[in-house]
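Asks: I have a structure I would like to understand better, so I am pasting it below and will then ask my questions one at a time.
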Amino acid sequence: MAPIDPHSFTESTHPLATHISLSLFFDFPSSTIHASAHLTLPAPHSGPLSLDARALTVHSVLDPQSSAPLPFSLSSPDPIKGCHLTVSLSNHSSFLIVYSTSPSSSALQWLSPPQTFNKTLPFVYTQCQAIHARSVFPCQDTPAARVRYAAKLNVPRQLSAVMSARHVDRRDPIAGEGAALFSADALWCAEGRVVEEFVMEQPIPPYLFAFAVGELGFREVGPRTRVYSEAVPAVLESAATEFASTEDMIRQGEALFGPYEWERFDLLVLPPSFPYGGMENPRMTFLTPTVLKGDSSGAQVVAHELAHSWTGNLITNKTNEHFWLNEGFTTYAERRIVEAVQGEDRAH
């Protein structure tokens, strides 16, 4: 046996999960998520299955049909890869992991109210690239392991959520659906909680998993695009003006590279602590507020993240050893899109 990726414990002889169903209970006071992850395999598997985990407390691994416990082990942490989670299966095609995240999760940025624009409610967002999805949920955290997912996010009612996935519903919690969680069903169904449901029908590499939870508002800027940010009118209006040409960019991208396959191309302007200029999460690109310059020049960052919709999100480097393929082709595609929309001088 050998890992398929030097940055992952995923084994080349093990099946790759085809679907992950997540239930996530957000505990803002403790900067923790109490969660379960239901992983589905392409066929029944017997023997060990290797997963990546970082700063996760694994409470149990269960047979989802009988709720019988399944054997598992969690290694001591490697400074780069985190922990090797090994689950022992016996002709299982799926299994359920009950776990909690840590306040030190490398993918999660928890903001207290004073760190937000409105300074009244908390905020949390993810940044999973390059190998940080494993600190949100146990997974085969390599670009080679594309996976579909569904997620239920249980959050305080005064907050809302967005994801790199299609929004299905915002509803009251249902008794019983939080029973498997370490937080227990009573907390899941507590007064003042709401469940946001999402589904991603297309397989994506784990680094493109993303969510944000906070006091969010949005503006429509095109038939396929909303701009989200914290519910601050000045920020929303500035973003809507800055990114007014987004639909033109999508159409030029389609003319150059083929149909846009992700249905929506929504944008989220994050608080200033967001560490990237932009992140190409499918259906929900994350952006730093520093791109809101008032002269439409920030749209070039959007063009780059849009270009990833073809080069990176549809076709992905197999491992991060070859990450240059992702960014190299995307930079070329970005400049072609900007040239078509804003002219050659702006593209170079």
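Using the three backbone atoms N, Cα and C, a Cβ is placed for every residue, glycine included.
Heads up, TrEMBL stuff is auto-annotated, nobody curated it.
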Asks: Can you tell which of GLU321, GLU327 TrEMBL lists as binding Zn(2+) with HIS304, HIS308?
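Replies: For the Zn(2+) site that includes HIS304, HIS308, TrEMBL also lists GLU327.
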Asks: Check the binding-site residues HIS304, HIS308 for other C-beta atoms within 10 angstroms of each C-beta and report the one with the most.
Replies: HIS308
Asks: Reported in the order helix, strand, coil, what are the DSSP residue counts of the domain 'Peptidase M1 membrane alanine aminopeptidase' (253-344)?
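Replies: Taking the domain 'Peptidase M1 membrane alanine aminopeptidase' (253-344) as a whole: 41 helix, 12 strand, 39 coil.
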Asks: Near the Cβ of GLU327 (Zn(2+) binding site), how many other Cβ atoms are there if near means within 10 Å?
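Replies: So the number of other Cβ atoms within 10 Å of GLU327 (Zn(2+) binding site) is 15.
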Asks: Restricting to the domain 'Aminopeptidase N-like N-terminal' (19-162), what is the model's mean pLDDT?
Replies: 98
Asks: Can you give me the residues near the recorded Zn(2+) site, meaning same chain, not HIS304, HIS308, GLU327 themselves, Cβ no more than 8 Å from the center of the site's Cβ atoms?
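Replies: Output for this site, in sequence order: GLU280, GLU305, ALA307, THR311, GLY312, ASN326, THR330, THR331, ALA333, GLU334.
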